[in-house]
Amino acid sequence: MSDLDKQIEQLKRCEALKESEVKALCLKAMEILVEESNVQRVDAPVTICGDIHGQFYDMKELFKVGGDCPKTNYLFLGDFVDRGFYSVETFLLLLALKVRYPDRITLIRGNHESRQITQVYGFYDECLRKYGSVNVWRYCTDIFDYLSLSALVENKIFCVHGGLSPAIMTLDQIRAIDRKQEVPHDGAMCDLLWSDPEDIVDGWGLSPRGAGFLFGGSVVTSFNHSNNIDYICRAHQLVMEGYKWMFNSQIVTVWSAPNYCYRCGNVAAILELDENLNKEFRVFDAAPQESRGALAKKPAPDYFL
């Protein structure tokens, strides 16, 4: 059994790696991720997953429902970290799987894969608490800069964390972005990670999030038509049923963190696409209390409130 396989087994038990192992893993991951496009090509069959947010034991439920990697080909739409108790183990397991099976798992960047955001919503504090220094946070946030911004399944399904941008009409414009940087406060790269579809908006609207935009059905229709895609698949917003279609099935939100923040009471979903792009949503609940680690039984920290 290789060192990497041992580390994967260890991470599957929700046991953190040594700092030196994290550093080496991140360096290996960087070599793989640097080769990926801003619009990374993904072949079907594939299973698409939304936000995880450090909910490690719920991600284990996800793998129970969807199958283990590499048997199942996975695409994760970002927001691996923050808010949950196990951001370190969650992100490192996904990263280790990426290094071990680079063609069977695709990771794209969410708005929480950012230095600034993780200093507010938990990942920075978790790294400090678990390692006694900021080094692991630094290695991981350096990797965030290398994550792709979007994916394209069989040239037909455009997958992104947040949504669209008024600065982007074509996929080639996304391909031209220099992604290897902290998420900017505005502009195309920011919008892809922060924007949301909104029923009551026609065209573009201001986002209450303070970053990105709200966009209406006409924007989606025109983007899908211009780029010859069937629909957009995105995450970024909690939906109580785990997934939600909008604008005559032109865009779907997939949310994969059940009972979000350990209190929202929502179910989660993943989207399974077969080789002909037929869809099946698999809905699942949070992991039962007895299968969780000791940490999750503690009261929620302040930033949930």
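Using the three backbone atoms N, Cα and C, a Cβ is placed for every residue, glycine included.
The annotation Mn(2+) 1 binding site is assigned in Swiss-Prot to Asp51, His53, Asp79 on the grounds of similarity to another entry. The Mn(2+) 2 binding site annotation in Swiss-Prot covers Asp79, Asn111, His161, His236 and rests on similarity to another entry. Residues or ranges marked as active site, proton donor in Swiss-Prot: His112.
Positions of the features from Swiss-Prot, shown on the structure.
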| residue | record | Cβ contacts under 8 Å, 6 or more apart |
| --- | --- | --- |
| Asp51 | Mn(2+) 1 binding site | Leu77, Gly78, Asp79, Gly110, Ala235, His236, Trp255, Ser256, Ala257 |
| His53 | Mn(2+) 1 binding site | Asp79, Phe80, Val81, Asp82, Arg83, Gly84, Ser87, His112, Ala257, Tyr260, Cys261 |
| Asn111 | Mn(2+) 2 binding site | Gly78, Asp79, Ile117, His161, Gly162, Val183, Leu193, Trp194, Ala211, Gly212, His236 |
